Every structure is written in structure tokens, then in C-alpha cells.
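Asks: Please read through the structure below; I'll follow up with questions.
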């Protein structure tokens with residue numbers, strides 16, 4: 001029995017998944033293109049005037065972020081499940097929750113972080129007033145890890161089904177609701193010059209709570225799915 | 001206690017136990033619902049402000065309370081199923097979820113019907129209404145996940161994990177929604193302040209609460225018995241049970 005530390009497991013899984021993802025970059029790019037296209041649809045649908053667009057911009061960006069995180073979620077465990085890697089990960093001597101946490105981190109690096117980087121473009125397209133930009137970026141930075149963690153739970157539960165798509169959104173969207181409430185309240189507060197520290201701290205607290213508990217749920221779900 | 005509980009991990013023993021309970025639960029539920037609803041709808045005095053339309057409270061409030069109670073019960077059975085791997089508890093998840101979902105839908109529907117004359121609108125994005133709607137979505141998610149699996153054992157476990165994730169989320173969702181509502185629209189909607197009820201109105205409500213509790217328990221017993229039969233269809237005792245019933249008919 002060789003002594004692998006927790007950090008070694010996490011970094012190895014992250015490095016491996018990064019390499020796998022880099023060989024199929026379209027999987028990372030497609031959800032981002034989806035975000036851009038949906039954002040483009042809104043001015044066409046509600047009119048290009050800055051008064052309407054600017055008011056709904058933060059909410060639209062958040063809803064689109066939720067939807068795009070559902071799009072990319074199936075690849076979280078699907079390939080590993082199909083080629084048997086997931087079973088090998090279950091057999092690791094370290095707790096399965098550690099593996100789950102690594103999976104959540106790499107998923108955030110590949111889907112959440114690009115989304116945060118893309119946000120200024122979306123905010124520009126939707127004419128969000130400048131006062132809200134920093135807050136929007138901050139809420140996305142705090143919120144996308146929550147998205148990745150919750151998505152991982154849903155993906156782990158449905159990985160053995162092979163037809164997760166619509167079911168996954170049914171499971172996950174109710175869980176996203178607190179997130180979108182706090183995030184849009186923070187941006188709205190920033191736009192009218194109200195203090196936003198409370199909402200931001202709540203989001204940060206939610207992120208810590210989710211990242212603590214979600215790996216346990218993901219581990220239990222993987223055990224059920226792999227059997 | 002464990003020695004007493006242990007036999008009920010087996011489907012057959014639970015099936016027989018529930019069979020003993022079911023008629024008593026069903027009869028007492030029918031009686032108390034009959035008394036409570038007839039009393040509430042026909043004999044309780046009308047409200048001085050709302051007239052007769054307040055009477056829907058006798059269905060609305062019990063349904064809403066037990067929609068949440070059923071979710072708590074489902075989460076507890078899910079915990080039992082996941083920790084001790086008891087199959088009866090797994091089937092209980094599948095038995096409780098539809099009952100709870102229907103209770104939630106009933107409370108939403110009666111709420112809308114009540115809201116139309118009182119608030120002048122079918123639907124208001126009020127905190128309680130919204131969190132009840134989200135509760136319905138959570139129930140539907142559990143049900144959809146359970147029925148998505150061909151192997152019902154895996155399905156029940158997955159649904160159980162989702163129910164537990166949901167129960168952690170319920171307080172967060174509740175408070176966030178509450179806060180969101182107070183943030184956006186303070187006193188613009190005339191929120192229905194619950195008056196402290198007169199005793200003559202309260203007694204039928206309490207009877208209705210008891211009736212809904214018994215009814216919920218009876219429905220869950222009934223569904224759980226069916227679920228046990230369906231899952232243990234290959235066992236000899238089920239075949240004997242079903243053949244025995246056919247002979248009686």
C-alpha cells in the first residue's frame with residue numbers, strides 16, 4: 001500500500017481531466033457560444049433600448065449562466081463512467097469525497113471560470129450600467145463554484161441513465177434558486193448604490209457550505225450509480 | 001428497539017403490519033374528514049371580513065402543512081434507507097413522494113382559488129407561495145428521478161440522495177425567497193394577516209388537520225403495500241397472497 005496524499009489525488013485528477021478536456025476543446029467552447037447567442041437573442045426580443053436591457057441585464061446573464069452550466073454538465077462523469085475510470089476512482093484508498101471535490105474543481109476551471117471571463121462581453125452587449133459590472137463579476141465568481149458543485153450532484157445521480165438531459169435540469173434548477181436571488185439582489189443593489197456586502201457575504205457563505213457538503217452527496221451518488 | 005424493528009426490514013412483515021393498520025387509518029380518516037369538512041363548510045360561522053370564502057382554509061391549511069410534513073418524512077426515510085440500507089425504507093420514499101406532491105398541488109390550487117376573491121389575483125409572487133411552488137418542483141424531481149431508473153433499487157437510492165440534498169436546501173430556499181420578496185415589494189401587496197381564530201372556527205380546522213394526517217398516513221400505507229407487492233412479485237409469498245385474493249373473489 002503506497003501512501004498517496006489527498007493533495008496528490010486532487011492534483012492528479014485535475015491534471016488528467018485538464019489534459020482530456022484540452023484534446024476536445026469544443027466541449028468547453030460550445031457552452032460559451034451558447035451563452036453569447038442567448039445573450040444576443042434578448043435585445044432582438046425585448047428591443048435594443050438601454051432602459052429595458054440595462055435593467056434586466058444582470059438577471060439575464062445569471063439565467064443564461066445557469067442554463068449553460070446544465071449544458072456542460074453531462075460530460076462531468078459520463079466518459080469516466082463509460083470507460084470504467086469511475087469504478088477505478090471509487091477504488092482509490094482516499095475518500096471518494098476527495099475525488100468528487102477534485103472533479104468539482106476541474107469542472108469549475110473548465111466551465112465556471114471561462115464564463116466569468118466572458119461576462120464583461122455579455123454585460124457590454126446587454127448595456128449593463130458600469131456600476132454593476134464589478135458586482136456582477138464578483139457574484140459570478142462566488143456563484144459559479146456553487147453551480148459546479150450542485151451540477152456535480154445531479155450529474156453523478158443521472159450518469160448511469162444515459163439520457164440525463166431534461167431530467168437533470170428538472171432536478172437542479174430548483175436548487176439554483178437561492179443563488180439567483182442573492183446574486184441578482186446584489187447587482188441590483190450595486191446599480192442603485194445600496195450596500196451589497198450582505199448579499200455578497202451570504203453568497204460566499206453558500207459557496208463554502210456547498211463546497212463542504214456537495215462532495216459527500218456526489219460520493220454517495222457515485223456509489224449508487226456505479227454499484 | 002432494534003429487535004422489535006428488525007423484522008420490518010423484510011417486505012412481508014411490513015406488508016402484514018400495514019395491512020393491520022390500513023383499515024383503522026382509513027376509517028378514522030374518513031370519519032374525521034367527513035366531520036371536519038362538513039362542520040367547517042356548513043356549520044362554522046362566516047368570517048366577519050371574508051364572509052364564506054374563508055372556508056377553503058379547512059382544506060388549504062391542512063394540505064399545506066402535510067405537504068411539508070410529508071417531505072420531512074420522506075427525507076427521514078431516505079436517511080434510513082441510505083444509512084442502514086433497509087429496502088422497506090427505499091420503497092417508502094417512492095410511496096411518500098406522490099402523496100406529498102399531490103398535497104402540495106392541492107395547497108397551491110386552493111390557495112389560488114382563495115387568492116382570487118381575497119387578493120384579486122390568482123397568483124402573487126409572495127414568499128410563501130413561491131416556496132410552496134419550489135417544494136412542488138422538488139417533489140417532482142424526486143419522482144422523475146425514481147421513475148427514470150429501470151432498476152428500482154438504484155432509483156430509490158438516487159431519489160433518496162436527492163431528497164436529502166433537497167432537505168438541506170429547503171431552509172435556504174425558504175429564507176432566500178422570503179428575503180427576496182421583502183426586498184422587492186414591501187407592503188404593496190395586502191398580505192393576508194392571519195387573524196387569531198375564534199374557537200368555533202378553530203375546532204373544525206383542528207379536526208380537518210387530524211383528518212388530513214390520518215388520510216396522508218393511510219395513503220402512504222396503501223401505496224407502500226402496493227410498492228412492496230410490485231417489488232417482491234417474484235417471491236412466493238406475494239404469489240400466494242395474490243392467488244388467495246383471486247380465490248376469494
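Glycine residues also receive a Cβ, built from the backbone N, Cα and C atoms like all the rest.
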Asks: According to TrEMBL, which listed range is transmembrane segment: A:78-99, A:166-187?
Replies: A:166-187
Asks: Report, as numbers and ranges, which residues of the same chain sit near the transmembrane segment (A:28-46): CB under 8 Å and 6 or more residues beyond its ends.
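Replies: For the transmembrane segment (A:28-46), the list is 21, 52-53, 56, 60-61, 64-65, 67-69, 71-72, 110-111, 114-115, 118, 121-122, 125-126.
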Asks: Sort out the residues at least 6 away from either end of the transmembrane segment (A:105-126), same chain, that have Cβ-Cβ distances under 8 Å to it, and list them.
Replies: 10, 13-14, 17-18, 21, 28, 31-32, 35-36, 39-40, 42-43, 53-54, 56-57, 60-61, 64-65, 68-69, 72-73, 76, 132-133, 136-137, 140-141, 144-145, 147-148, 151-152
